[in-house]
Structure formats: structure tokens, C-alpha cells
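For reference, the structure is listed below as C-alpha cells.
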Amino acid sequence: MRTLKKFSLRDLAYNAAYPFYEKRLMREIQGVRQPEHVAIMCDGNRRWAREAGFADVTHGHRVGAKKIGEMVRWCAHTDVELVTVYLLSTENLGRASDELQMLFDIIGDVVDELASPETNCRLRLVGHLDLLPDDVSRRLTQAQDSTNDNTGVFVNVAVGYGGRQEIVDAVRELIDAEAAAGTTATEMAEKISVDSISKHLYTSGQPDPDLVIRTSGEQRLSGFLLWQAAYSEIWFTDTYWPAFRRVDFLRALREYSKRSRRFGK
């Protein structure tokens, strides 16, 4: 009984202090350098569900899905112009069929929410959509196309995405384009460069991420934006994605503002 009372008081104190901490963080990032492009690795959904005591770990994916719309709104409120959200890797496609179907349904709901008029996002799907079931691919593409005239935050949705595969696809597309133009093999080799490959990435025409955030305590990129994140600042947090809060995001922005970006120099 004492433990319960102690926890309850602590919880009340935390809830009372939270708004003040959030306001303090907002003050600390006012007028300082902020990222234009933030990339998010939404990791830890299943672990969060297990540790929270849910028998059905898919509950973690559902709670995590609701967090994505919140995250996009946080970005809009802090003048982040572009967000890339990593939802499904090519490796994830090897999971059990029942779990995959559940993930496809959740991702479809997330994309539909982001495509809603209220959100006003401009969506871009990045990844191998041809690896997805036809109905899933159609649903995502229709949602993407419906946002063409929106004026809000740009949101890249990485689905069926693999960083190595993206680079391979970019090089192949470059070679195909040059071959179609009658370029010889020798001329083609001379035209392959960082800039020419960048123009054929899934994210072509967009700035590279300034800040990559990964939740759940894992400290690796796991194939996410391997080319684009070469000089990104990376911020890791032990917090699982479903438990990720606005103060966590603001802490990441504060940390970013304190770092000196050298771009390999």
C-alpha cells in the first residue's frame, strides 16, 4: 500500500512538472540552429508492449502508430520542414504473414491519417513498393497522391525500405538512363559521381537529414538512409517509440543545437 501511495505521489509530481519542463526546453531552442530535415527510426514497439504487460505485442505497434501523427505535429510546431519516418524495412518483410498483414493495416492507417486534410502533410513514399501486396501499394500510393496540393510539412514514409538496396537502385537507374541516351561504357564511368547518384535516390531533390533520431536504446542505423545520413547528427534514446514524448523530441533538438557539424572535415 505504501508503494502504491509513493508511486501515485511521484506520478502526480511528474505530471505537474512536465508542462514547466516542456516550456523550458522550448525556450532553450528558441533562436538557435534547428534541423531542416529530421529522420526518425520508430523502434521498440514490441518491447514496450511486453514490458507494459500486454499479451498481444501488436498493441505496441498500434500505440506507436498513433505517435507518428503527434511527431509530425511536433515538427511543424518547431519549424522542421521535412520528416522521414522509418516504418518497414525490407528485412521486416520476412516476418510471419499474420504479423505482416497487421503491420500493413497499421501502416495504411498511419498514411491515411497523415494524408488527411487536417494534417496538411505532403507525403512521399520511399522504398520498394513492388515488394508489398498490390492492395497495400495502391492504398499507400493513393494517399500519397491525394496530398500533392497540401502545403504543410513534407513527410517521407519509408516502407519496404533498405539503404543498400536504395543505392543499388540509384546506380541501376543512372546506368539505364545513360544507356538509353547512347552513352558509352567509358563515358558512363566518368559520369558516375556522388551528385549523379544522389539524383537517383528515393529522396532525390531533398536535403539530407540533419538529425537522425532512434528510439529504444539501439545504437545503429540498421540500413536507414545510409547514403543520406553520412554527415547527419545522430541522437539515441532508451525510450521506446510508443513512450516517446514531446519533451524527448525537444531534448533531441536541444542536443542538436549544441553540436558542431563538421561534415567530415
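For all residues, glycine too, the Cβ spot is worked out from N, Cα and C.
Listed by Swiss-Prot as binding substrate are Gly44, Asn45, Arg46, Arg47, Trp48, His61, Ser89, Thr90, Glu91, Arg95, Arg220, Leu221, Ser222; the candidate from Arg33, Arg214 that the record includes in that site is Arg214. A simple Cβ count within 10 Å picks out one of the recorded positions Asp43, Glu91, Glu233 as the most packed, and that one is Asp43. For the binding-site residues given as Arg46, Arg214, the lowest number of other CB atoms within 10 Å of the residue's CB is seen at Arg46.
Across the annotated binding residues for substrate (Gly44, Asn45, Arg46, Arg47, Trp48, His61, Ser89, Thr90, Glu91, Arg95, Arg214, Arg220, Leu221, Ser222), the two most widely spaced Cα atoms sit 22 Å apart.
Residue environment of Leu221 (substrate binding site) contains 17 other Cβ atoms, counted within 10 Å of its Cβ in all protein chains. Looking only at Cα atoms, Glu233 (Mg(2+) binding site) sits nearest to Asp43 among the recorded positions Asp43, Gly44, Ser89, Glu91. Considering only the recorded positions Ser89, Asn92, the Cβ with the fewest other Cβ atoms within 10 Å is that of Asn92.
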